[in-house]
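> Quick one: structure below, then a few questions.
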Amino acid sequence: MRIDKITLTNFLSHEHSEIQFMGEINVIVGQNGAGKSSIIDGIVFSLFRTHSRGNNDNLIRKGSNRGSVTLYLSNEKDKIEIIRDIRSTTEDRLIRNQFPIARSATVVSNEIEKILGIDKDIALSTIIVRQGELDKILENFQEIMGKILKLELIEKLIDSRGPIVEFRKNLENKLRELDRIEQDYNNFKKTVEEKRARVLELKKDKEKLEDEIKNLEKRIKDIKDQFDEYEKKRNQYLKLTTTLKIKEGELNELNRSIEELRKQTENMDQLEKEINELENLRNIKLKFEKYEVLAKSHTEMSANVINLEKEIEEYEKAIRRKEELEPKYLKYKELERKLEELQPKYQQYLKLKSDLDSKLNLKERLEKDASELSNDIDKVNSLEQKVEETRKKQLNLRAQLAKVESLISEKNEIINNISQVEGETCPVCGRPLDEEHKQKIIKEAKSYILQLELNKNELEEELKKITNELNKIEREYRRLSNNKASYDNVMRQLKKLNEEIENLHSEIESLKNIDEEIKKINEEVKELKLYYEEFMRLSKYTKEELDKKRVKLDEMKKKKEEIEKEMRGLESELKGLDRKALESKILDLENKRVKLDEMKKKKGILEDYIRQVKLLQEEVKNLREEVNIIQFDENRYNELKTSLDAYNLSLKEKENRKSRIEGELESLEKDIEEISNRIANYELQLKDREKIINAINKLEKIRSALGERKLQSYIIMTTKQLIENNLNDIISKFDLSIKNVEMEIMPKTGRGRSSSGDILVYTNSGDTLPIVSLSGGERIALSIALRLAIAKALMSNTNFFILDEPTIHLDDQRKAYLIEIIRAAKESVPQIIVVTHDEEVVQAADYVIRVEKRGNKSFVREET
């Protein structure tokens, strides 16, 4: 799998860069700080989502909110696209042959490892060589191999503080816990047996009590039946005797009442004879009363006749006056009608006059405004030219200020980068950079910044002055422009207003006669108004109403004559009678009549009481017979009641004892159930004892198998041979005096450190040399060959090799040697990517990518 292309969007100094790797040896060349290594950072971030820049936000280009990297890889079968979003892990995607197969950071990383067979630790230690780390693999060979082969992880597993020992300790703690559980298990078994024995004892007591309760309930039932029968008799006896006493009392009371009523009704016949005369006397009294009513009606009727005669006289007088006023009333109504007809035109006339006054006032104001505005019109054109010239000056000053600020920002960034440099090597170009040189660069930059700041202050002051002047001119220009528009508007309004005023004059002239006519009519109405109001007051007096009153007067006179005739008839009938003596006699008879009515009522009550006495005497006789039949004995009743209460008390005591036993039984059974559940739970836990013992033994065997003499030795042995074969095969393709190389990889010791191990080199002349005896060029060649050999052995699907600034610290001779090695290495790896600032390395390339920085952005161009 080779790298085809990478796209960087807002990544470090790259805003949007698309880099294609079309050759076997691809060289990325550019000045220090141009953004070359950022491309390698992008490849590493795409593959493993890792970097050495601290927080992920540090990868996003300054001034941007988001950033992303897309890496394209391919082989004969597949095309892979890896998309990484710098800020959001959920947006990461993996696309295979244009089909999405994974999403989110972790899933994408796992899938990349499966498909490409790339392990992060191996890749970063072998095929991706960071700046200054080319021969680090020779210096730290044992440590790097331990990391690559995961020997450190195996050692951590079997360490005395590792997870295997920790897990074994946990299992041993569980065994000790099971010993404690077994002791509790035996104690609980003993307790449950004791409780079960107590349950059996209580159940026997309960059965005995249930038999006793059953016998008692039977005895109580027998006595209760007898008592209920006697209770029934007693209730019947008490009911009858109570009723008998009540009836005897009622009988005695009735006899006393009968005797009293007989005395009170002795003179009833005599009273009836006297009262028969009362009706005749009453009729005479009614005639006296009727005469009084007729006399009163006669008096009232006479007064009404006199009043009605006066009213008729007034009516006749009012009607005559009404007839005199009617012509003036009709004249008044006619004038009112005429006023109503003229009113719309008169209102129109008033409205037109009001409109004319308003428009004349408006015209006066507009003429005044037009006079004032005409003075500002000539100034607009000259101000317009002045605004344009001042704006150009402002834009020029802003451009100069932006340029100065950009230069200040660049110098501050240089100072910041120099201040953060650790050691005496420039991180950008790799050249020597001692403290004196650093301070000199910083001093020069600060001096330049000071000069720029002074320039900036002058520009800002001048810009502020120009801006204030422009604002002032623009405000005046806007005011005058608005005044010109206002002047035009005022003139249009005046023209329209003059036309409207002329029209209003014409309309008012046509309606002028209406005003005079209205005034004349109002004067006539004023003269007739009093006559009109008097006529309206007399309008209620009509001839029809007068005729009705005359008819009514005739009827009243006729009625008066009838009353006089009836009064004369009654006077002849009542002649010689004394009304007061008559009324006294009637009153006495009325009192006797009331007394007679009371006697009649008492007579009826007396007869009813006599009937009730007969009935009560019969009831008393029957009740006495029923009492004799019952034969109730109070002593026998009390004897049965006492016996029943005693048996019920005994039954209640036994039932209480039974309830207490049942409560204790329920509690015991609940305890037994809970303890049995705990026993069953303990039995399940105790079954695990054998499994735990077996697990402890197996853990010891696993720990032993993972030790340095077993699994580690096996991994080293199988890997070592494969790497050596690959290494010697690659070296044979280089033009070196090395015949063969052997490696010694040692397992991790129990103390967590690697045992001694080494790389031995056999020369063509038969000598055996350690690494330290090799020349600089041979060390470079061996480092590259060893990295490729390890990668080929452990990552069979990886076909690229990346070198970041491999020429750093190399002299010209070694650089030339490195170029030859890179050319030779392409026989072992199909794709090599080299990042460098040395133009000499371009000689080895068949595809060149140039990177340069403009301002704070990196730009890429490709050369074939």
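Glycine too: its Cβ is placed from the backbone N, Cα and C atoms.
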> Between 72-109, 338-375, 376-413, 718-755, which stretch does Swiss-Prot give the note coiled coil?
376-413
> Among Gln20, Gln131, find me the residue Swiss-Prot lists at the same ATP site as Asn32, Gly33, Ala34, Gly35, Lys36, Ser37, Ser38.
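The one candidate that Swiss-Prot places in that ATP site: Gln131.
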> Mean pLDDT for the coiled coil (176-319), as a whole number?
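Here the mean pLDDT over the coiled coil (176-319) amounts to 79.
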> Could you tell me what the rest of the chain brings near the coiled coil (376-413), counting residues at least six beyond its ends with Cβ under 8 Å?
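Distant contacts of the coiled coil (376-413): 445-446, 448-449, 452-453, 455-456, 459-460, 462-463, 466-467, 469-470, 473-474, 476-477, 480-481, 483-484, 487, 855-856.
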> Which value in Å gives the longest Cα to Cα span across the ATP site residues Asn32, Gly33, Ala34, Gly35, Lys36, Ser37, Ser38, Gln131 as recorded?
15
> DSSP secondary structure for Ser37 (ATP binding site), reduced to helix/strand/coil, please.
helix
> Below 8 Å Cβ to Cβ and six or more residues apart, same chain only. Which residues does that give for Gly35 (ATP binding site)?
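Within the chain, Gly35 (ATP binding site) has Cβ neighbours under 8 Å at Leu12, Ser13, His14, Ser17, Val851, Lys853, Ser858.
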> For Ala34 (ATP binding site), list the number of other Cβ atoms lying within 10 Å of its Cβ atom.
21
> Kindly assign Asn32 (ATP binding site) to one of the three DSSP-derived states: helix, strand or coil.
coil
> Among all the protein chains here, how many other CB atoms are within 10 A of the CB of Gln131 (ATP binding site)?
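So the Cβ neighbour count for Gln131 (ATP binding site) comes to 18.
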> Please identify, from the binding-site residues Asn32, Ser37, Ser38, the residue with the sparsest Cβ neighbourhood, meaning fewest other Cβ atoms within 10 angstroms.
Asn32
> Which residue counts does DSSP yield for the domain 'Zinc-hook' (380-478) in the helix, strand and coil classes, in that order?
84 helix, 2 strand, 13 coil
